[in-house]
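Below is one structure; the comments refer to it alone.
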Amino acid sequence: MSDKPLTDVTFSSFDLHPALIAGLESAGFTRCTPIQALTLPVALPGGDVAGQAQTGTGKTLAFLVAVMNRLLIRPALADRKPEDPRALILAPTRELAIQIHKDAVKFGADLGLRFALVYGGVDYDKQRELLQQGVDVIIATPGRLIDYVKQHKVVSLHACEICVLDEADRMFDLGFIKDIRFLLRRMPERGTRQTLLFSATLSHRVLELAYEHMNEPEKLVVETESITAARVRQRIYFPSDEEKQTLLLGLLSRSEGARTMVFVNTKAFVERVARTLERHGYRVGVLSGDVPQKKRESLLNRFQKGQLEILVATDVAARGLHIDGVKYVYNYDLPFDAEDYVHRIGRTARLGEEGDAISFACERYAMSLPDIEAYIEQKIPVEPVTSELLTPLPRAPRVPVEGEEADDDAGDSVGTIFREAREQRAAEEQRRGGGRGGPGGSRSGSGGGRRDGAGADGKPRPRRKPRVEGQAPAAAASTEHPVVAAVAAQAPSAGVADAERAPRKRRRRRNGRPVEGAEPALASTPVPAPAAPRKPTQVVAKPVRAAAKPSGSPSLLSRIGRRLRSLVSGN
């Protein structure tokens, strides 16, 4: 990322398919960014690439041009069936996969290539039918694609001649590395397959993956003067936890109408912050794991069209999303990972534009600041929290945005979105037989672990009668369970059964010897008649025997004494 994001290298200078050049020009792409100018000379002839570049530098277009040009000018593998894909593009998140698919269709719709978008959270059967019909390029997240690959009748990767791994470092962070290796082993060998890998950082584990599954990849690094975008104006405030919402409202009132993204660390705070902004009259969208996938796509589309002013999101939206015109990025919570900070503020000042990144360092997350400043190799300017900033300015009357009234989701509030999300999640758990309140959710029979005093049929349980002191407890057989009552009536009482049973004779031992005259042991359970008192058994103590004199040869002292006596008597 530099002040000049575009180079003098043009796409027409490469040996590209004429239809591809026409599609790029119609989409407005004429000159290359630095990562594109480095990647295309290596990737177009068929070489493997391990590229490092920060977010917003045009990595997506670099590998899309290489993939489409190969499919247009080269024939498919000999053993490929018409429905088998020829290219696979893997992304770590759904939002990034959707963005890649949107860019691919933008300038590749007229090339005759068939694209399929595969990710979780949407209709499983529709995606399966699309794959069974046959596609040329699959753009997917690893988890959902593996489900289809394991069903061999759905999709096979044996004829996939080019593979792209985007945001490889994020793949490791999300635990997808085993899934990636599983998919790579289902493709042709690395000598036949072309692999393009892109990452914000080429760490040791990323390079290990590259050299394990790639064919002598060429390492390409876009040198930058700073890790963060040069046109991002960064500043940080140190508010208390109680001042964060007030400070956010005060700063937003001073940038009225600007497209803004607010990042928080947890899904719970997405709803809390969004509700606060909505109460103050802002048009707010939310993006987190709790929001259903279709609703996330709808809200993101409305934000891109300008129908929403603010998008409150977790780090699910920090990578890969290209939204034009984002002027302000707020780190309501400082991220734990310094790389996430770079990706968050990378949503603004893309491709040479300018933007502001404003961070709040509260008591809970301020400890992340030293690591962030060490990673970006610069100090973030500190601004004071004044009483003026804590006072929001009066807002102008809201002006409806074109096309907002025709949108079906325009009237959805933040509370409605999260309530529908919770209801949908509860219905999904109920359908699967899970949940605490549904069948199968309780560990102790039916009822689902109810704590409101209701029985399995929903009716209140009768109050238990108090027990009279001295009275034996009654059998636990109710009229609601006639089988249990019948079995209990036929079973003899414990006292009668124990009285009829003969006592077992026990042989007691003391010091390893049986004791004569020991009485038989009583039954373990009480009997109606009291047992006779047992007479104590007297054990006769045996006298201790004196130690026996040693037998055999005399001792050494005895022999010495006899020898001395014989010597004396001989004199």
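Glycine too: its Cβ is placed from the backbone N, Cα and C atoms.
Given the structure is predicted, the values throughout are model-derived calculations rather than measurements.
The annotation ATP binding site is assigned in Swiss-Prot to Ala53, Gln54, Thr55, Gly56, Thr57, Gly58, Lys59, Thr60 on the grounds of sequence analysis. The feature compositional bias 'Acidic residues' is assigned by Swiss-Prot to 402-411. Look at Swiss-Prot and you will find 419-432, 449-460 tagged as compositional bias 'Basic and acidic residues'. The compositional bias 'Gly residues' annotation in Swiss-Prot covers 435-448. The compositional bias 'Low complexity' feature in Swiss-Prot is assigned to 483-497, 539-558. Here Swiss-Prot flags 503-512 as compositional bias 'Basic residues'. The domain 'Helicase ATP-binding' feature in Swiss-Prot is assigned to 40-220; the stated evidence is sequence analysis. The region 'Disordered' annotation in Swiss-Prot covers 391-558. What Swiss-Prot records for 166-169 is motif 'DEAD box'.
Beyond the ends of the motif 'DEAD box' (166-169), by six or more residues, the same chain brings 59-60, 63, 89-93, 96, 100, 197-201, 203, 206, 209, 319-320, 339 to within a C-beta distance below 8 angstroms of the stretch. The number of other CB atoms found within 10 A of the CB of Lys59 (ATP binding site), across every protein chain shown, is 26.
DSSP assigns Ala53 (ATP binding site) to coil in the three-state reduction, placing it in neither a helix nor a strand.
Here the domain 'Helicase ATP-binding' (40-220) has a mean pLDDT of 90 out of 100. Counting residues of the motif 'DEAD box' (166-169) by DSSP class, helix then strand then coil, yields 2 helix, 0 strand, 2 coil.
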